[in-house]
Amino acid sequence: MNIYIGWLFKLIPLIMGLICIALGGFVLESSGQSEYFVAGHVLISLAAICLALFTTAFIIISQLTRGVNTFYNTLFPIIGYAGSIITMIWGWALLAGNDVMADEFVAGHVIFGVGMIAACVSTVAASSGHFLLIPKNAAGSKSDGTPVQAYSSLIGNCLIAVPVLLTLLGFIWSITLLRSADITPHYVAGHVLLGLTAICACLIGLVATIVHQTRNTFSTKEHWLWCYWVIFLGSITVLQGIYVLVSSDASARLAPGIILICLGMICYSIFSKVWLLALVWRRTCSLANRIPMIPVFTCLFCLFLASFLAEMAQTDMGYFIPSRVLVGLGAVCFTLFSIVSILEAGSAKK
């Protein structure tokens, strides 16, 4: 990979993170209304995902340009995990007060969910520490065995366990909230947290794919399994969002319904990464360099929809939160474009 292109792909996640923080701060300073509180806090929290994606980009690009660096393989996942833990603590702090307001309740749950995603993405960074083994293993055969440089089976299973456990936590928590969906804050927080949990579940497939390909244990059975898994979760999340929008006339349905649809777009962006790794595993795919266009389209979908919603929010404040949050989700999708491009450069056969 060209060193200048490498730096561009490293900078994209940081720039997108700064945009989320800047827009979130601007929204918070604009008004003290509850809609501004929720949108501003959620936007700022999305920077944690961008930070985690930056650590992933840095680790892989460094290997492509300079080879494996043990120090980077340790430092950058720690940075990503630190950002995710801080985000989860921030979300929990909003929920820990004695008299939690509705806006704090919703924002706290969403921010905690964003922190969970950041932790899963940081696990992608941690599992990518020996990314160069993937094209090497793909050029060989399963009979070659596990390379001595690869993670042990125990470490690999521990890495996969991180998104699995966070997915279970998010699913149980969101279902608990939805059991009292007659309470509006529970209804909103439960649906959005369930969508965030779907993203964590998608990242199970990505981490498992990277770990198994690195260890040369990527089986024929799971070759397309994770692709189906991620596309299924993305589609279910989009359908859930549509259901929320059409199942009621209450304005409270607008934010979770619209945001769920765009969380599905993030799932599709993750699908592009899982699909790419599956396509180039022990085969040649002439269209592999087109796959990075998927997160570009999902990014544009989020941003264009946000622009329409911003106009609608002038007359109906129910559209205000999604019109702002979707900008941050679009930034995350564009950050995923840089990651998919890096994976394509590192793993596709030219």
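Each residue, glycine too, has its Cβ placed from N, Cα and C.
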Identical membrane-side domain name, Ala250 and Gly346, from Swiss-Prot: no
Winner by Cβ pairs under 8 Å against the transmembrane segment (42-62), considering only 3-23, 75-95, 258-278, 325-345: 3-23
Paired segments the transmembrane segment (75-95) and the transmembrane segment (3-23) in contact, 3+ CB pairs under 8 A: no
Residue numbers, six or more beyond the limits of the topological domain 'Periplasmic' (179-190), whose CB comes under 8 Å of its CB atoms: 102, 105-106, 109-110, 250, 252, 255-256
